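Listed in TrEMBL:
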ACT_SITE  HIS69  active site, proton acceptor
BINDING   ASP70, VAL73, GLY75, ASP77, SER79, GLU91  Ca(2+) binding site
BINDING   PRO146  substrate binding site
BINDING   HIS177  heme b binding site
DISULFID  CYS71-CYS76  disulfide bond
DOMAIN    28-178  domain 'Plant heme peroxidase family profile'
SITE      ARG65  site 'Transition state stabilizer'
Amino acid sequence: MAAPHLHLLLVLSLALSLCLFPDTARAQLRQNYYASSCPRVESIVRGVVQNKIKQTFVTIPATLRLFFHDCFVQGCDASVIVSSTATNKAEKDHSDNLSNKVSCADILAIATRDVIALSGGPSYPVELGRLDGLSSTAASVNGKLPQPTFTLNQLTAYVCCQRTHPNRHDCSLSGTHAWILSL
């Protein structure tokens, strides 16, 4: 029974990797982006992810879900982990959501790649250089996440027709989200 889950994980992780391509309107992504400023960033993140997976398997689906929610709302900018303030309820506090040298958005992208690889999926190069989001509001989530109760037809219609800027990355993230919910 574990083999079908690993096969599904492999397929979905390959699809998820599509969302790691550059968003040229915001940043120029490339491999080895931190080669001079923080050359060990990928090994540091991988070590933390390995230790966390040893502590609890939940790290794998939780990281994938966090990345899904981050990318689906405002793009892969880590705004989902910005904290609320007294005057602003942040994305991460919406009911649908859960270092200065390296962007949090890149750390999340690396961690997602690593949980996929460490759980039996492929390892793939991650282009880095994402910019962290500077704003995060719970209101920005409204209507931007497909509901967990969506059927395949509803999800397809949502991703392809109802989103302001539908793209292939939404489909990849939706498939991964469905796998996460099946755990």
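Placed from the backbone N, Cα and C atoms, the Cβ positions cover glycine too.
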Excluding ASP70, VAL73, GLY75, ASP77, SER79, GLU91, please set out which residues of the same chain place their CB within 8 Å of the center of the CB atoms of the Ca(2+) site, keeping sequence order. HIS69, CYS71, PHE72, GLN74, CYS76, ALA78, VAL80, GLY133, SER136, SER140
Rank the recorded positions ARG65, HIS69 by how many other Cβ atoms lie within 10 Å of each Cβ and give me the one with the fewest. ARG65
Rounded to an integer, what is the Cα-Cα distance in Å between CYS71 (disulfide bond) and GLU91 (Ca(2+) binding site)? 12
Which whole-number value in Å describes the distance between the Cα atoms of GLY75 (Ca(2+) binding site) and PRO146 (substrate binding site)? 15
Between the Cα atoms of the residue listed as 'substrate binding site' and HIS69 (active site, proton acceptor), find the distance and write it as a whole number of Å. 10
Nearest-integer angstrom distance between the alpha carbons (Cα) of the residue listed as 'active site, proton acceptor' and GLU91 (Ca(2+) binding site): 9
